[in-house]
Each structure stands twice: as C-alpha cells, then as structure tokens.
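Here's what TrEMBL has on this protein:
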DOMAIN    1-191  domain 'Mannitol dehydrogenase N-terminal'
BINDING   Ala3, Val4, His5, Phe6, Gly7, Ala8, Gly9, Asn10, Ile11, Gly12, Arg13, Gly14  NAD(+) binding site
DOMAIN    198-340  domain 'Mannitol dehydrogenase C-terminal'
Amino acid sequence: MKAVHFGAGNIGRGFIGALLFQSNYETTFVDVNTELIDELNKKEAYRVELAGTEDYMEVTNVSGLNSLNDEEKVIEAITEAEVITTAVGPNVLPMIAPLLAKGLGEKKSTGLVIACENMVGGTETLKNHVYENLDEEQKEWVSDRISFPNAAVDRIVPNQNQEDPLTVMVEPYYEWVVETSSVTSELPDIKGITYVDDLTPYIERKLFTVNTGHAVAAYLGKYNGHHTIKEALEDVKIKNKTQAALGESGGVLIEKYGFNTEKHQEYIDTIISRFENPDLSDEVTRVGRGPIRKLGPKDRLVRPALEYIRLKNEEPVHLAEVIAAALDYRNEDDAEAIELEGMIRKKGKVGAFCEIAEINENHPLVKAVEKHIN
Ligand SMILES: NC(=O)c1ccc[n+]([C@@H]2O[C@H](COP(=O)([O-])OP(=O)(O)OC[C@H]3O[C@@H](n4cnc5c(N)ncnc54)[C@H](O)[C@@H]3O)[C@@H](O)[C@H]2O)c1
Ligand SMILES: O=P(O)(O)OC[C@@H](O)[C@@H](O)[C@H](O)[C@H](O)CO
C-alpha cells in the first residue's frame, strides 16, 4: 500500500509517517526542505523516539520528493497512492494545492486526502483550493473517486535539536480522529485513526483546549520572559491563568456539546500535565508561531472568546488577556510576528486586532481586550 505525505516536518515524520509505517504503508514524503528529502532518500529510514522512555521506532519504507523540483514524480506518486496526507501548516495548503490537483486529475483509482493541520475544516479548505485548480471534467472525475475527510490530530512534537536531522522525539500520547460522513470509498485500515461521523466536537475540543491552553502558556510565557512552555507553567500565575482561560473555553464546549463537566476538567488537567512533560523542551516561539493566524476569527483564542460572549453574555476576561499578550508577541524570526508589529505600528493594537479578528471596534470582545492593552 502506498501513501504520499506533504510536509516531512515534526508532525509529518513524528506522527503521520510513523502511523502509516505501522500500518504497512510505503510513504513518499513531499517537502521543500532539500536536506530532509536528501536524507530520507539516502537512509530510507528514520527514528521516532518516545520522550521520557527508552522506546523508539525505526520507520522504514520511506523516501522523499521535492515539491519544487520533482513535480512529475510527485504526480506519479499521487496517482499510485491510496492515502494522501498533509502536515504543512494552514497557510501552506493553497501552495500545495496546484500540484496535488495535477496528481489527482491524473489518478485513475480511488483515494483519500486528509489534511492534518490545526484548524477547523482543514481538509475541506484544501479541497476548495484543489478544486480551484481543476477544470470541470477533472472536478467530476475527482469527486467520483477521491474523498476529502476532515481530521483532528493531537501529539506534541517540539522543534528538534538532534544530531541526525531525521530523528524526531515525540510525546507518547497521540490522537488522530477522521470524519467518515464524506467518505465514499473504503476506509483505510490505519492503526491509530479513530473514525467518527461528526468531527466537530472532537476538533473543537482539541483546538479550544490543547491549542488554546498552549497559546496561553506561549503568549503569557513570552511576555514574562520564559523560553519554554514547561518553564512558563512553572510560573504559578501563568498556570492559574491557563486553567482560567481553559475554564472559559471549556464552558463554551460543555454548553455546546453537553460534555460532562468533571470529565472535561479531567481532560484539561491531562492536557496541562502534557505541557509540563519534563522530557520535552518545547519553545514558546514554536507554540506561539504565526500570531496573525492564531488571532484569526476561527482560531484558538478569538473563536472561543466570541462563543463565550454569545452563549454566556459575559466578558471572557482570561481569553481577552491572552489576546492582548498575543498582540505584544515579538519574534524577529517569525514572518507573521513581524507583519503584526507593522500592522500595530500603522493602526494601533485595537485596529490591528479588529482587522485580524474580523470584528468591529465596538464589539464587546474588543472592549474586553482593550482593558488588558491599557
Ligand atoms: N508539531 C506539533 O506538535 C503539531 C501537532 C498537531 C498538529 N500540528 C500541525 O501540523 C502542521 C505541521 O506542523 P509541524 O509542527 O510539523 O511544522 P514543521 O514546520 O515541523 O513542518 C512543516 C513542514 O512542511 C514543509 N513545507 C513547507 N512548505 C511546503 C510546501 N510548499 N510543500 C511541501 N512541504 C512544505 C516544511 O519544509 C516542513 O518540513 C501544522 O498545521 C501544525 O499545526 C503540529
Ligand atoms: O501548530 P500550531 O502553530 O497551530 O500550534 C502550536 C502548538 O499548539 C501545536 O503544534 C501543538 O503542539 C499540537 O497541536 C499538539 O497536538
């Protein structure tokens, strides 16, 4: 069985690639990072280490292609693959869509495309970009053969600092949930995937707990001079604020999806202890990367804050404080942080926030954020 995976980065190698290997897939990684691709082709294997244990997995049956230089080979690999996955980041989905569309347009067999990105409706978004690159005949052809199920993925994979550029250390925990309602072909037997009819509660629970909590620790951590998530949470004030912000997003999730309150609190506690894992060193700059994306209307801070106001008719005090800290996020190595700084210089923090979050300056969330800005 063959798979193509776009993005040979942390989650690509450390999670998706590892599960595909365990399920007997031969995986072709497609990336723009020449070093990673060359190493994959040289070694045809890499190591996944489980943090805090002596356990590791030798992932084999892998190779690499460069999406810029090996276009014909990528198209051929797509035509042969049963499963095509991505973990490139939400902003890169439009960039891989033209090549994916070329491959899918030539594919004669059925297949599944699954975007494994931290966003609601990730595969749906990728599908729309792919369809923009197909003519009418190809659209019909692709819609008859290819399913595009949305997915939620959860495993903390920090930036790596390994001697071997392919080796990746991951936390032992993982969850990969895939929505079946749009799948017309047979579901692939991939170890570790949980298939569900409706992904919405799963992706919202994950994004608005794991990623909201992570964002609290990253933005308040960076603001207070901490370097890693673990270090940020050793600061009692930040840990309490993380709990408090997850109390707000949790209140929304409990009300929307009828989750059991105690069970949800247990979920929150488990997530926070994952952040505190002493065997993972996860930098606040990785977790806080892309502040414009993270301040977007559907993302981990603004979306639960808006829902909190709508459902509770109260101010989300703690989420608002984190949004204000995110507006203060500075990192010279992060293109979005530089862009955010430029926007703030031109329009001020409130103006920049309203534009990014797509809300009016009279919105109660803006008023709540302003209190922390001032
Ligand atoms: N790391 C985690 O803990 C984690 C967990 C769950 C989900 N995710 C999600 O997975 C996605 C990837 O995150 P990551 O942490 O692995 O990032 P990463 O930066 O380690 O990996 C992304 C990879 O995509 C590659 N890439 C960039 N542009 C490309 C292009 N045009 N064509 C092909 N490849 C391209 C990069 O070179 C890089 O190797 C993100 O959406 C992230 O939110 C990450
Ligand atoms: O990948 P991002 O930039 O959307 O978010 C950063 C982290 O919160 C994220 O990568 C988590 O580690 C991951 O989502 C855990 O499953």
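A Cβ is built for glycine as well, from the same backbone N, Cα and C atoms used for every other residue.
Looking just at the domain 'Mannitol dehydrogenase N-terminal' (1-191), the mean pLDDT is 97. Counting other Cβ atoms within 10 Å of each Cβ, the binding-site residues Ala3, Ile11 show the lowest value at Ile11. Around Arg13 (NAD(+) binding site), the same-chain residues six or more apart in sequence whose CB sits under 8 Å from its CB are Phe29, Tyr46, Val48, Val59, Leu166, Val168, listed in sequence order. Just so you know, the Cβ of Gly9 (NAD(+) binding site) picks up 18 other Cβ atoms within 10 Å once every protein chain is counted. In the domain 'Mannitol dehydrogenase C-terminal' (198-340), the DSSP tally of helix, strand and coil residues is 103 helix, 2 strand, 38 coil. Proximity to ligand 1 at the level of Cβ atoms, with a cut-off under 6 angstroms, picks out Gly9, Ile11 from the binding-site residues Ala3, His5, Gly9, Ile11, Arg13. When Cβ atoms from all protein chains are considered, those within 10 Å of His5 (NAD(+) binding site) total 28, not counting its own. Sequence-distant neighbours of Gly7 (NAD(+) binding site) (same chain, six or more apart, CB under 8 Å from its CB) are Phe29, Val30, Asp31, Thr86, Ala87, Val88, Gly89, Val92, listed in sequence order.
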